[in-house]
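Student: Please read through the structure below; I'll follow up with questions.
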Amino acid sequence: MSHSVTRALFDQVMVPNYAPAQFIPVRGEGSRVWDQDGREFVDFAGGIAVNSLGHCHPALVAALTEQAGKLWHVSNTLTNEPALKLAKYLTENTFAERVFFSNSGAEANEAAFKLVRKYASDHFGAEKHEIVSCKSSFHGRTLFTVSVGGQPKYTEGFAPVPGGIRHVEYNSIESLKAAISDKTCAVVVEPVQGEGGVLPASREFLEAARALCDAHNALLVFDEVQTGVGRSGSLYAYMEYSVTPDILTSAKSLGGGFPVGAMLTTEKVAKSFGVGTHGSTYGGNPLACAVAHKVLEIVNTPEVLAGVRAKSQRFVDGLNAINAKYGVFKEVRGLGLLLGGVLTDAYAGRAKDFMLAAERHQLMALVAGVNVVRFAPSLVIPDADIDEGLKRFEAAVAEVVGQTA
Ligand SMILES: *Cc1c(COP(=O)(O)O)cnc(C)c1O
């Protein structure tokens with residue numbers, strides 16, 4: 001088949017910062033995707049933990065198209081009904097009392113990191129400006145968020161970068177204790193490090209972070225851009241851990257594929273973002289907020305959340321069964337439907353080979369760094385699609401193992 005738009009065009013017209021797959025998807029339904037040639041894929045990637053209700057969920061299509069016929073955009077010189085309804089829903093269903101909307105995870109974090117500085121400056125003075133974050137963490141790609149992020153490769157070549165940021169070992173209470181001081185304005189943590197290798201925080205670490213923040217008048221920020229909106233089996237992962245932050249950021253699954261982000265916080269902290277201190281032209285866009293509200297209404301139900309836990313177990317059992325035959329993983333870890341297979345030393349550095357083999361077997365998967373094969377499917381993926389996808393993944397593993405032997 002010949003197409004007027006091909007993958008080769010990417011290399012001619014796009015900035016080369018991505019290396020997308022060779023096939024081009026054109027249609028999706030539930031957890032299945034079809035490419036230009038009509039080849040059908042099972043989707044275990046979920047657009048990187050974004051398509052929380054799969055592709056083209058009828059209720060989301062209806063929410064989007066209904067709003068599209070009413071009002072698309074008004075800017076923040078006006079407010080709008082979908083934004084207020086979404087904010088009300090978020091405040092009624094989380095610790096938060098105030099919400100700021102953005103268009104992405106990075107922007108939600110940018111707002112959070114500016115807010116913690118502003119809050120400390122308002123209440124304690126300019127000296128209290130240090131942000132403590134974790135090594136291997138990921139918080140987005142703006143200059144501030146890559147700087148708070150704990151992966152040096154993402155700041156290389158971009159100096160000078162913002163200062164006043166310290167990085168500690170993830171899950172090391174000792175390391176956190178050593179770094180935190182009265183100069184600390186905030187500690188930033190992902191409850192599960194997503195990009196950093198699908199590594200869950202220990203309960204003790206998050207509890208210690210909460211206690212140390214309280215002792216030093218610092219704010220605790222949870223980046224739940226990847227873990228939020230049902231992915232953990234609770235609406236937000238902080239609920240799984242019973243540790244409540246002062247600020248929480250959400251994006252990815254929140255829009256189910258429509259770009260939207262949110263920063264949630266308390267009334268007291270929110271006060272430091274007075275009129276004119278921060279903003280966004282699109283933040284709170286009616287289309288985005290109408291879709292996100294529908295996503296939350298569907299995801300935040302006992303059936304869907306219990307489904308995430310049951311499906312998680314089905315995935316873990318299936319991956320462990322594959323691993324019992326082929327011995328490629330040291331460990332299968334994660335929380336809910338954010339799962340990672342950590343490669344054994346024999347396959348170290350080869351996560352991408354597994355992802356590419358999966359593609360050849362018509363399965364979309366992800367990597368998290370070079371040693372972890374990551375899965376972040378729809379939260380409502382049918383069990384039959386999990387089983388079919390795992391069958392395809394087994395064929396992919398067999399291929400990589402066969403080529404290696
Ligand atoms: C993806 C991600 C981000 C960045 O979100 P964008 O929408 O790509 O800007 C931030 N934090 C975490 C934990 C993420 O997984």
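Numbering starts at 1 and runs along the chain as it is shown here.
Using N, Cα and C of the backbone, Cβ positions are placed for all residues, glycine too.
Bear in mind that TrEMBL entries carry predicted annotations, made automatically and left uncurated.
Note that the coordinates shown come from a computational prediction; the quantities given were computed from them, not determined experimentally.
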Student: Which of these, Phe124, Phe138, Phe258, Phe315, does TrEMBL list as part of the pyridoxal 5'-phosphate site with Gly105, Ala106, Asp223, Glu224, Val225, Gln226, Thr281?
Tutor: Phe138
Student: Using only the Cα atoms of Gly105, Ala106, Phe138, Asp223, Glu224, Val225, Gln226, Thr281, which the record gives as binding pyridoxal 5'-phosphate, return the largest interatomic distance in Å, rounded to a whole number.
Tutor: 25
Student: With every protein chain in view, how many other Cβ atoms are within 10 Å of the Cβ of Glu224 (pyridoxal 5'-phosphate binding site)?
Tutor: 32
Student: Which ones, of the recorded positions Asp223, Glu224, Val225, Lys252, Thr281, have a Cα no more than 10 Å from the Cα of Arg141 (N(2)-acetyl-L-ornithine binding site)?
Tutor: none
Student: Inside 10 Å of the Cβ of Lys252 (N6-(pyridoxal phosphate)lysine), count up the other Cβ atoms and send me the figure.
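Tutor: So the Cβ neighbour count for Lys252 (N6-(pyridoxal phosphate)lysine) comes to 28.
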Student: Using a Cβ cut-off of under 6 Å to any atom of ligand 1, determine which of the binding-site residues Ala106, Phe138, Asp223, Glu224, Thr281 qualify.
Tutor: Ala106, Phe138, Asp223
